[in-house]
């Protein structure tokens, strides 16, 4: 007796259901979960069908292509020891996720009594890390018309942080032309690198600047830093140069005059310049015509 098409369909469905009841089948409610660092996360591994009463359940962590056990022989091991547990029948719960937990995890179930005795599912976990306080660099003072660069950087956040700059608590837009307050400013803002560059600062650019680093896990800010913008006093600079030149000129003339008057010459009383002292203690007597022939030339001291 030939089977009708409806009977064939029913037969195929019944055979499929019979085979399914003899096979272990797994599924997950979320194959790409994410969690913020230090929070809990479930890696869902649900057994849809199985006939074996006590299947073997294993979890492996795969990072950089290298698998390692995190649940084996009914015990948490490896990187998750004392930080995870199994929720029946096979879901892995990480209690305190850290950034090193970002990896692929494979749930494996072996059921010896089932016709299809093995199944596995792969789950990719991402642990998001909040940015730390960024390192900010703001020049303290810049003359009008000169270029200036402000830098902001942090390297702990995951995914990679994006950056915002603020002046006097107001966000600086990426495009200065999009805001009336910054319309005349000549700057470029790189939100990925955290740099704010002025090609020529104006007086209006002075103020308190701070930077914010943000990603999906949170935000962090550095403290405000003051940047002053001052005018260059050309007249004062010229006057200062003139005063310095005049002072140097006066010193030079004074030294020259002193040299000409002999203040810098010295005579040594030695050698050919030595002059013997005059005779003050001796007396020469020479007889004059009135004194006759007497002549006394001896020098004697009274």
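Please read every residue number as a count from 1 along the shown chain.
Positions of Cβ are set from backbone N, Cα and C atoms, glycine also.
Here Swiss-Prot flags 1-23 as signal peptide, drawing on sequence analysis.
The average pLDDT for the topological domain 'Extracellular' (24-235) in the predicted structure is 94. Taken from Swiss-Prot, the feature topological domain 'Extracellular' applies to 24-235.
According to Swiss-Prot, the domain 'Ig-like V-type' annotation covers 27-124.
According to Swiss-Prot, the feature disulfide bond maps to 45-107 (among others). Over all protein chains present, the Cβ of residue 45 (disulfide bond) has 26 other Cβ atoms lying within 10 Å. Secondary structure at residue 45 (disulfide bond), taken from DSSP and collapsed to helix, strand or coil, is coil.
Annotation source Swiss-Prot lists domain 'Ig-like C2-type' at 131-228.
Here the Cβ of residue 152 (disulfide bond) has 26 other Cβ atoms within 10 Å, regardless of which shown protein chain they belong to. The feature disulfide bond is assigned by Swiss-Prot to 152-211 (among others), with sequence analysis given as support.
Summarising the annotation, Swiss-Prot assigns transmembrane segment to 236-256.
Feature annotation from Swiss-Prot assigns topological domain 'Cytoplasmic' to 257-302; the stated evidence is a curator's inference.
Annotation for the disulfide-bonded residues 107, 211: lowest Cβ count within 10 Å of the residue's own Cβ, 107. If you take the Cα of residue 211 (disulfide bond) and the Cα of residue 45 (disulfide bond), they are about 42 angstrom apart, rounded to a whole number. Under DSSP, the residues of the domain 'Ig-like C2-type' (131-228) split into helix, strand and coil as follows: 9 helix, 46 strand, 43 coil.
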